[in-house]
Each structure stands twice: as structure tokens, then as C-alpha cells.
Amino acid sequence: MIRQGFSLVALTTGLMVASGVWAESGYTMDDPNIAVSYEEDGRYFTEDDVPTFNVTDDGKVDWLTFSGFRRYHSECHVCHGPDGEGSTYAPALKKSALDMDYYDFLDVVTNGRQRVDAADNSVMPAFGTNLNVMCYLDDIYVYLKARGMEAVPRGRPGSKEAKSDAIREAENACMGT
Amino acid sequence: MKSLKYLTSVLAICSATGALANADLQSQIDNPAQWAIQTGDYENQRYSELAQINADNVGDMQVAWTFSTGVLRGHEGSPLVVGDVMYVHTPFPNTVYALDLTQEGKIIWKYEPKQDPNVIPVMCCDTVNRGVAYADGKIFLHQADTTVVALDANTGEALWSVKNGDPSKGETNTATVMPVKDKVIVGISGGEFGVRGSVTAYNMEDGSLAWRAYSMGPDSDILFDPDTTTHLGQPVGADSGTNTWEGDQWMIGGGTTWGWYSYDAEADLIYYGTGNPSTWNPAQRPGDNRWSMTIMARDPDDGMAKWVYQMTPHDEWDYDGINEMILTDQEIDGAIRPLLTHFDRNGLAYTLDRVTGELILAEKFDPAVNWTTGVDMDPNSETYGRPAVVAAYSTEQNGEDVNSTGICPAALGSKDQQPASYSPKTELFYVPTNHVCMDYEPFRVSYTAGQPYVGATLAMYPAPDSHGGMGNFIAWDNIAGEIKWSIPEQFSVWSGALATAGDVVFYGTLEGYLKAVSADTGEELYRFKTPSGIIGNVMTYEQAGKQYVAVLSGVGGWAGIGLAAGLTNPNDGLGAVGGYSALSDYTALGGQLTVFTLPD
């Protein structure tokens with residue numbers, strides 16, 4: 001399992017070096033918060049069991065990254081801008097997903113956060129009751145991480161892994177369909 | 001000659017029916033030294049008789065004074081000027097300033113409402129506000145949290161306030177209000193949150209509710225008479241607000257009412273448009289979804305609808321119908337007709353008879369528009385008045401989970417709320433437009449009160465095979481249905497235009513330029529770069545015998561979302577060089593009023 005993960009990392013790292021994005025994010029593909037350690041039923045995880053993205057050398061993304069692209073642009077994009085790039089008033093989440101701890105990220109999405117004072121009128125709402133967000137939290141998170149590393153370019157991912165049965169079952173259970 | 005005729009007919013209307021409009025406001029509007037209503041006049045023409053600044057001397061214009069609003073969000077709308085006082089509003093927290101124009105803008109009073117900041121993220125697309133209204137010595141502010149408050153224009157003291165909606169359900173406000181007679185007409189936002197849109201009239205004296213008309217629902221909710229309310233000349237029949245919806249879906253049906261309102265005192269009708277049906281996934285709401293995407297003509301006294309016209313039945317692209325209705329009296333085939341001209345998000349410009357609701361013309365005002373081949377204009381046809389949808393660009397026909405590509409215009413429309421102007425001298429409309437296309441993939445979403453209810457993924461990019469920019473500023477002939485001239489712009493033009501008797505048209509750009517162009521040719525006569533991108537509307541007034549032009553800067557709104565980082569362009573390499581640039585390369589957040597005049 002771990003071995004397979006390493007080979008995946010090596011491949012994607014090679015890709016990243018070629019497109020020269022090291023400097024922009026400040027992270028490398030072998031960062032323990034990014035590197036794939038193992039795969040389980042179509043989901044990818046770091047050695048700390050934190051969800052992460054997987055992009056093959058021919059640009060195929062894992063299902064969650066693709067699904068996160070769609071859910072992000074339905075739920076988050078009207079404030080945070082296309083492709084996690086940020087807007088005139090809301091931060092670029094492609095950076096936040098790398099800079100923030102996974103569990104902090106979940107906390108802010110679930111419970112919201114406010115920064116309101118003389119200079120700021122910045123409010124992140126609580127999405128805790130929104131199934132369209134909560135059932136796809138990991139999807140959105142890994143998509144934004146992939147964007148932060150520029151492992152997927154702006155726009156719609158070109159090709160994707162198939163949706164695994166486990167992911168489909170979990171989605172149906174969460175959405176209540 | 002035509003302009004003379006126009007003037008006399010307007011005078012006749014005013015004198016004959018002055019008692020019908022709000023008499024105080026109408027008299028303030030009639031004084032061209034003032035800017036007493038956001039839309040310039042009840043007709044929404046945004047035209048001023050002032051001509052001291054004109055096509056010959058506008059090139060000499062200079063900044064007279066500036067004012068910082070203290071807020072760094074998108075600044076839509078414009079100041080008002082009534083007497084010697086200018087009223088300036090801001091985005092959330094919706095501060096209002098009264099400035100003394102005889103003392104270089106000294107602050108007379110400031111009103112800052114206390115609002116729960118939780119309303120901020122419920123506002124789709126930034127915390128914009130399109131300004132205050134004036135009538136009977138009161139300033140009317142419609143806050144983000146849907147509180148409508150009447151302030152004493154002299155002191156800023158709150159006289160009454162009323163809550164129009166519930167932000168915890170996603171009901172918010174971005175629009176101004178329209179004072180008519182003894183009432184204030186008020187809209188609502190929240191189409192992306194499953195809000196059922198409505199228009200409400202409050203009594204100006206005390207803020208008590210006069211009537212409320214929903215956009216969909218039972219006849220008693222939508223204030224339709226099945227026999228006398230007409231759609232394209234035919235009675236709408238019973239239950240027209242529910243029988244094109246499946247089950248109870250109309251209860252979260254959208255059709256919000258956040259645009260501009262106009263009023264014809266002679267016909268005694270108010271006009272406005274309704275927004276998109278919720279959700280953006282058309283497969284989840286089968287049917288025509290009436291009366292979303294509809295031009296409404298209602299009686300201001302009781303709210304009853306006289307006629308309606310649904311422009312985009314069963315929306316598949318988020319083409320809200322809320323843009324302004326501009327009222328003009330113009331000659332068609334030898335007869336002066338009472339017209340209503342509307343530039344819709346869907347890329348079609350409509351000319352209707354505003355008394356009867358007859359559809360006279362519907363033509364594309366951007367050649368890039370491709371989702372439809374046009375509107376069926378044959379009254380005997382079964383599909384009379386309906387746009388013919390091109391299958392390749394139908395997100396309904398392509399289905400859920402399918403990415404429909406190359407649709408023009410994008411969801412922000414060929415034109416959004418940024419209001420156009422009309423000059424009776426040229427009989428042309430001056431229209432700020434977007435030149436942006438999109439990919440659109442709808443998918444299933446579940447509804448939770450107060451949470452986004454969108455259900456589609458969008459990617460937007462400059463119109464392919466064009467000039468590479470994302471906007472145009474055009475002059476439109478509403479009788480011939482033709483573009484007279486078109487100025488390509490690098491970014492969407494998100495600023496309201498102003499036309500004047502000085503043969504000049506003003507507008508702002510997202511980079512922050514205030515531009516003045518010739519009303520006849522579109523030739524650029526003046527430009528000045530203000531501190532931030534302009535999404536506000538240009539206005540003009542006269543003070544102590546001198547004409548001024550003013551505009552709010554402060555980039556944001558829908559434009560600040562998509563354009564801040566630059567739009568994605570899947571057609572890389574097609575030569576659309578300018579369009580790739582991000583707005584953030586040109587401007588940063590701001591909140592400033594810039595006032596221009598001629599040097600002494």
C-alpha cells in the first residue's frame with residue numbers, strides 16, 4: 001500500500017517540477033500534508049489519514065477532486081471566485097486549503113467565521129446544515145488542495161477516475177436519496 | 001423635431017397627472033439641477049437636460065472634489081442631490097451621509113444602521129446596495145437585512161422602519177426602492193437561496209403594509225385577475241402562478257425582484273422584472289416556472305397585475321429578467337407609441353407597448369448570443385412570444401451532469417443590472433454590456449432554508465472569435481432593433497450610463513475609468529482613472545450655476561467575483577489576448593465618490 005503511494009508521488013512530483021509551481025504555493029508534493037500514502041475505495045489519504053488528491057501523470061484526477069470541482073463551483077464560487085482563486089472580498093481558498101489544518105478547515109466550513117470591524121466586513125457562513133456542502137466536504141477540500149498545488153489547472157478537469165461504489169453509497173447515505 | 005415632440009408630450013403628462021405621481025418627488029425630478037431618484041426619472045431614462053458640460057468642452061473636465069465612503073466593498077448605485085444636499089450611501093453596513101454642497105461636501109448627518117453581520121454571506125455576490133430614494137422630505141434606505149427605514153432628510157433621524165424579509169431564509173436586499181404616490185415600492189433578493197420573490201408596497205407615512213405581490217403562487221398571492229391580467233394580449237386564466245410548477249416547488253420558486261422599477265403616471269402602472277427560478281438545475285423544476293423571468297405591469301394602488309410577459313420560460317441559464325424597463329414615447333409607423341424597452345440578461349432587447357403589453361420587437365443586442373435563434377413574433381403561432389432554444393446550448397435537453405459548452409451569454413447576461421440610458425435627442429439607448437460566454441453543468445441539489453440552492457457549475461470566459469474583451473458599450477436603436485455603434489471594452493461594463501443634453505454619454509469601467517463619449521458617434525472625448533473599479537452609476541447635478549458629474553468607485557459585485565482573478569478560458573490560443581488579464585492587475589478595492597466639473 002505505502003509503496004504504491006510512493007510511486008504515485010514520484011510521478012506527480014515529476015509533473016510538478018516540470019510545470020514549475022514550487023514557488024507559488026510554497027509547498028512541495030512530498031509534503032506530508034499532500035503526498036498520497038494510500039488509497040481506499042477510490043479515496044486518497046496522507047500518512048496522517050487526511051484526504052488528499054491524486055493526479056496521474058497523464059492528468060487524470062481522482063473522483064473526489066472532480067466532484068469537488070463541481071461542488072465548489074455550485075456552493076463556494078459566488079463568494080470565493082472561480083477555481084479557488086478568490087474574489088474582490090473573499091480569500092483564495094486554494095491557498096487556505098494548503099495553509100489550514102484539515103480539521104480547522106472542516107470547522108470553519110461547518111461553523112462559519114466572522115471578521116467584522118472598522119476595516120473588515122468578512123463573514124463565512126456556517127454550512128453545517130447544508131447537505132450540498134457537508135456531504136462533499138472532502139471533495140471540495142481535496143479539489144482546493146489540488147488547485148493550490150496547481151496539480152489541476154484552472155477550469156474543468158479533463159479526465160477523471162470512475163466513481164467507486166463505496167463513494168456512491170456514502171453519497172446516497174449522506175444526501176438521504 | 002422628434003425631441004421637441006417628446007418634450008411637449010412629457011410636459012403634458014406631468015401637468016395632467018402630477019397629482020397621480022408622488023407630487024413632491026415629481027417636482028424634484030423635473031428640476032434638472034437635481035438628481036432626485038436613482039434612475040434619473042420615473043421613466044428610467046437616466047437623461048439630464050443639463051448641457052453646460054457638452055461634447056465640445058467635456059475634454060477639459062477636472063476633478064472638483066472627492067469623498068471616501070469608508071467602506072471597501074462593491075459600490076453600486078449613485079448619490080442623490082435634492083436642494084443643496086447630496087445623499088451618499090455605502091455597501092454593507094449601508095451607511096448614509098448627507099453632504100452640504102454649499103460647503104464642499106461637509107457632512108450634515110450620518111446614519112449607520114446596526115445589522116447582524118450574518119446577512120453578509122447570505123447575499124449572493126457581494127454586499128452591494130443600489131442607493132437611497134427621496135420623497136416628501138424623507139430618505140428611504142433599504143438595508144441588506146431587508147429593513148426599510150425612512151429617515152428625516154434634514155436630520156437623519158429614523159422616522160419608521162419595517163422588516164421586509166427574513167435573512168435567515170436567505171432573504172436579503174441590494175436594490176433601491178421607488179416612491180410612488182403615497183407608497184414605497186420594495187423588492188427582494190435571494191434567488192440563489194430558494195426565496196419566493198415578491199414586490200411589496202409600504203405606506204410612505206408610517207411604513208405600514210399596503211400590499212404584497214409574489215412572483216409565483218396562487219392568484220391571491222400574485223395579485224393576478226385570471227380574466228383581466230393578460231399575457232401577450234390573452235387573459236392568463238386561473239392558477240397561472242402554480243400550474244406550470246410541479247407540486248409545491250413554486251414555494252421556493254425564486255423570481256426575486258432586485259432590479260430597478262419604473263412608473264408611468266398616465267397609464268398608472270409600475271414596471272419591473274422577476275429573476276431566475278430556483279434552482280439553476282432546470283431538470284429539478286419541470287414546466288415554464290411562471291412568473292419567473294417576467295416583465296410585470298402592476299397598479300401601484302393595489303398591486304394588481306395588468307399585463308405580464310415571460311421572456312425566458314423554464315430558464316436553463318440563470319438569465320434573470322430583473323433589468324430596468326425604460327419608458328419612452330416614440331414614433332412607429334407615423335404614430336407616437338408608449339414604449340417600454342428592456343435589455344434582458346438573456347441577450348435580447350425587447351420593445352413593448354407599455355400600456356397593452358404588446359410585443360413589438362425582440363432582437364439580440366450582442367451578436368455573440370447563441371442560445372436562441374430568436375423570438376416567435378407571429379401572434380397566431382402556438383409558440384408566440386417564446387424564444388426558440390438551440391438544442392446544443394440547452395442545459396435542460398443536454399441533461400443533468402452534462403457540461404454544456406460555449407453558451408453565450410454567460411449567467412451574468414449580455415447585460416446585468418447596470419442601467420442603460422436614453423437620449424430623446426438621438427432616440428438611442430446607451431447600453432453597458434457583458435461580452436462573456438460560459439460552460440454550464442447542472443446537477444441535483446437539496447434545499448435547506450437559508451442555504452445556497454444553486455445546483456450548477458459554471459465556467460465563464462470572453463466571447464470567442466471576437467475582440468477578446470469581456471464587454472461592449474453600445475448605442476441601440478429600439479425601433480430598428482439595431483446596434484448603431486459599439487465600443488469594445490476589456491472588461492464587462494458594469495456601470496450605469498448617463499446621457500445629457502450636452503450630447504455626451506458617460507459611463508464607468510471596471511478598471512476605474514470614467515469615460516465620456518459622443519452621443520452620436522461613440523467617439524471617446526474624455527477619460528479619468530478613479531481610485532478603484534467603477535460599478536456605480538454616473539449622475540449629474542448643478543450647484544450654484546455649475547454642472548457637476550459624479551460617480552462612485554469601488555470594485556466588487558458579481559463582476560468582482562469572476563473577474564478579480566481573471567476568467568478561465570478553455571479556448572486557449574484562439575487569440576483573445578486581452579481577455580486573459582485579471583482585473584486585479586488594474587485596480588484594488590476602494591470606496592470613493594469622485595465629482596467632476598469644468599475649470600473656471
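Using the three backbone atoms N, Cα and C, a Cβ is placed for every residue, glycine included.
The annotation signal peptide is assigned in TrEMBL to B:1-21.
Mean pLDDT, taken over the domain 'Pyrrolo-quinoline quinone repeat' (B:35-361), works out to 96 on the 0 to 100 scale. Under the heading domain 'Pyrrolo-quinoline quinone repeat', TrEMBL lists B:35-361 (among others).
Taken from TrEMBL, the feature pyrroloquinoline quinone binding site applies to B:Glu76, B:Arg130, B:Thr174, B:Thr256. B:Thr174 (pyrroloquinoline quinone binding site) counts 28 other C-beta atoms within 10 Å of its own C-beta, drawing on all protein chains shown.
Annotation comment: TrEMBL describes B:Cys124-B:Cys125 as disulfide bond. Listed in sequence order, B:Ser189, B:Gly190, B:Gly191, B:Glu192, B:Phe193, B:Pro452 are the same-chain residues six or more apart from B:Cys124 (disulfide bond) with CB atoms under 8 A from its CB.
Under 8 Å, Cβ to Cβ, and six or more positions away along its own chain, B:Asp318 (Ca(2+) binding site) finds B:Asn276, B:Trp280, B:Arg345, B:Ala411, B:Ala456. As annotated by TrEMBL, Ca(2+) binding site applies to B:Glu192, B:Asn276, B:Asp318.
Residues or ranges marked as active site, proton acceptor by TrEMBL: B:Asp318.
Look at TrEMBL and you will find B:492-549 (among others) tagged as domain 'Pyrrolo-quinoline quinone repeat'.
Taking the Cβ of B:Arg130 (pyrroloquinoline quinone binding site) as reference, residues of its chain lying under 8 Å away and at least six apart in sequence are, in sequence order, B:Gln38, B:Glu76, B:Gly77, B:Thr174, B:Ala175, B:Thr176, B:Trp260, B:Gln417.
The distance from the Cα of B:Thr256 (pyrroloquinoline quinone binding site) to the Cα of B:Cys125 (disulfide bond) comes to 15 Å.
Those recorded positions from the list B:Cys124, B:Cys125, B:Thr174, B:Glu192, B:Thr256 that have a Cβ under 8 Å from chain A Cβ atoms: B:Cys124, B:Cys125, B:Glu192. DSSP labels the residues of the domain 'Pyrrolo-quinoline quinone repeat' (B:492-549) in these numbers: 0 helix, 31 strand, 27 coil.
Counting other Cβ atoms within 10 Å of each Cβ, the lowest count among the binding-site residues B:Glu76, B:Glu192 belongs to B:Glu192. Minimal Cβ crowding within 10 Å, among the binding-site residues B:Thr256, B:Asn276, is found at B:Asn276. The number of other Cβ atoms within 10 Å of the Cβ belonging to B:Cys125 (disulfide bond), over all protein chains shown, comes to 22. If you compare every pair of Cα atoms in B:Glu76, B:Arg130, B:Thr174, B:Thr256, the residues listed for pyrroloquinoline quinone, the longest distance is 18 angstrom.
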